[in-house]
Amino acid sequence: MEGHVIVPLEKLSLELNNGGIMLNHDKDISALQEEISALRSRQRHLDHRRQEALDKLIDLKGSIRVFCRVRPSISANNFMTKSPVTVENEKIVVRAVGIKKEFSVDRVFDQESTQEDVFQEVKPILRSALDGHNVCILAYGQTGTGKTYTMEGNNGKLGIVPRAIQELFSHASQDSSSTYSFSISMLEVYMGTVRDLLTPRQPLFRSTECNTSSIISILATKSGAVEVEGLTDVAIQDLKKANQWYCRGRRARSTSWTNVNDVSSRSHCLTRITIKRSSGGTTEECSKLWLVDLGGSERLLKTGASGLTMDEGKAINLSLSALGDVIAALRRKRSHVPYRNSKLTQILSDSLGDGSKVLMVVHISPSDDDIGETVCSLSFAKRARSIESSKELSEDIKKLKQKRIAELDKEICDAEQELKDLNEQIKRAETSLEERKKLSSSACQALSDEKGSPRSTLVVVGHIDSAESPQATEKTKSRASHGSVPHFMSPTVCSRQRHSSASHSATKTRLTKSVNRYPAAELSGSHSFSYSSCKNAAKARSVAFSSSMPKMKCLPLKSDQINMSNNSIDSTAASAPRRRESFISRPAQRAPLHQHRRRMSSLT
C-alpha cells in the first residue's frame, strides 16, 4: 500500500473543516440537539398556555366549588315511597310537610352516579396541584351518607384518594418537560389533638390521652405557609408504595359504633400529598394536595352517643362549624379569616386562602328519616358557597358563562393533545440522538484502536505521489523497517543522516562509472544525459538485487533531477573524498548484541 493514505473501513463520510476532520455524525447530533431544544421551547409555551386556560376555567367556575352527592337508598321501603329530595343539574329541592326549600350548588350527583363520574369533576383541580397551586378536597356530610366511600371506595370501586394518587403518577410519567417527586403524610384531628397516622400503630382502644410521641405542632412561616412539625413525610417513588402507605394510615384511624353507623369515623382524616416539580433550570416548585375525610355531623339524640363517643361528636361539630366560618369568610373576601378557631382550619390555612383551589363534596341522604340532617348539610353548603337562591344569575349570563367554559375546555383539550404529540416527537428525537451518540462513540473508539494497529481493517481512499511527500514515505518505510528492532538497536538521527549522505555519494559514484562505460560517440551532440536514464538503470539493478535478497528492505532514493556534463562528472569523481561505506540497519543483517558498535553503558 505504498504511496497511499489508509483509513478505517467504516461507513463514515469525512470532510475537511478549518484544517481538521469533522464527522457527519457530529452534524447530525448538533441538528438533533437543536431540534429537541426547539421542541422543548414549544412544549413550555403550550404548557404555560394550558395553565392559564385552566386557571381561568377554575376561576370562572369558582375557586371554592361545592358539589352535592345523594347517597343511594339503603332500606327497601324507601324504594316504594317517594323521596323528599328532588335532584336537578345544579339544584336540590327538599320537600317536607308544608316546607319546600331549594339549594343551589355547582354540581349534583344523583343516586345513580358512579365513582368515575365524581372523579371526572375532580380531575381539573388535580392539574392545578401539579401546576403548583395548593389544593384542598373535602368530603362533608351526616354520619352514614357515604363520605368515606367517596374518598376511599371499597370492593374494587376506588374513591377519590387512590384515583388522585394514580392520576398524579400517570401525569408525571407522561410529562417529559418536568420532573416530579411525591411524598405522603397522614394525620387525624381527634378531639382537638393532631395525631400522626403513619407512626407505629397505637393501641386499638381509644383514649382521651394521646401518646406524647405522636403529638405534633403546627407552625406558620412569615410567608403564610404552614408547617406541621414532627409529622411523618414518606417519599413515594411508585404507585404501589403510595397505596401501601395510604392503606396503613387509614387503618390507624379512630372509629366507633353508633346507632346510625356501624363504623363511624370519630375524627377528621387528612391525607397530604406533597408535590415537588422542577422544569429545566427553573427553581423547584412545591405544592400540597389535601384530601380530607371529615367526621360526620350528627345529632346526639339520633346517634344515641354517650360518654366518650358523645365528646367526640361534640368536637367534630365544633371543628366543622369553624370550617364553615372560614370558607364563608373566604368567599365573601373578608379581611379577617378565623383560621385559629380550630386545629383543622389551622392546618389547612395555606390551602384554603388566596391562590388555592377548594372543592367540597357535601353528602346527603334521600331518606325521610334524615330530612333534618339533610337540610343542615345543604345549609352548610349554601353558606360555604355564599350564593342566595333568590339571587341566581339570569339565563343570558348563564349561557354566556357556559359558552366561555366550553371554549376554555376546548382550548385546554387542544393544548393537552398538542403537548402529547410534542412528547412523542421529543421521545423519538431523543432516541435518535442516543443512537447517533453511540455510533459516533463507536467510530471514535475504532479510530483510536486502529491508530498504530497494523492488523486493523483498512481501506485505501486516496493516492499520494511519493515525489510530493518524500518525508512521509521515508518515515513510513522507516517504521516498517524498524518496527521489530529493539529501541536500543534502532538507528539514531545522526546515523540516519550519515546513511543518507553516504547513499547519495555512492549514487554519484555509480553514475560516474556508468557514464564511463558508454562510448564517446554516444555522448556526442549535447555531451550530456539526463538523470532519468541513470535512474531507470539504477532501478533495474535494484530490482535484481531485491530478487536475490528478498528479506532486505532499502529506503527509496530521493534526489532532484540533475543534468551533469561529462567534465563535471569526472571532476566530481576525482575530487570526491573516499568515505567509509555505510548501510542501513536491517533486522536480517544486524550484528549480534555483543558486537554492536554502540556502547552498552548508555543503556543503564
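Glycine is no exception: its Cβ is also placed from the backbone N, Cα and C atoms.
If you check Swiss-Prot, you get these features:
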- Gly141, Gln142, Thr143, Gly144, Thr145, Gly146, Lys147, Thr148: ATP binding site (BINDING)
- 22-61: coiled coil (COILED)
- 383-443: coiled coil (COILED)
- 565-574: compositional bias 'Polar residues' (COMPBIAS)
- 593-604: compositional bias 'Basic residues' (COMPBIAS)
- 63-387: domain 'Kinesin motor' (DOMAIN)
- 465-511: region 'Disordered' (REGION)
- 565-604: region 'Disordered' (REGION)
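Features recorded in Swiss-Prot, as mapped to the structure shown.
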residue: Gly141; record: ATP binding site; Cβ contacts under 8 Å, 6 or more apart: Lys147, Leu294, Gly296, Ser297, Val362, His363, Ile364, Ser377
residue: Thr145; record: ATP binding site; Cβ contacts under 8 Å, 6 or more apart: Arg71, Gly296, His363, Ile364, Ser365, Asp370, Ser377
residue: Gly146; record: ATP binding site; Cβ contacts under 8 Å, 6 or more apart: Arg69, Arg71, His363
residue: Thr148; record: ATP binding site; Cβ contacts under 8 Å, 6 or more apart: Ala139, Gly159, Ser265, Asp293
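Taken together, the residues in the coiled coil (22-61) have a mean pLDDT of 77 on the 0 to 100 scale.
DSSP gives Gln142 (ATP binding site) a strand state. In the three-state DSSP classification, Lys147 (ATP binding site) falls within a helix.
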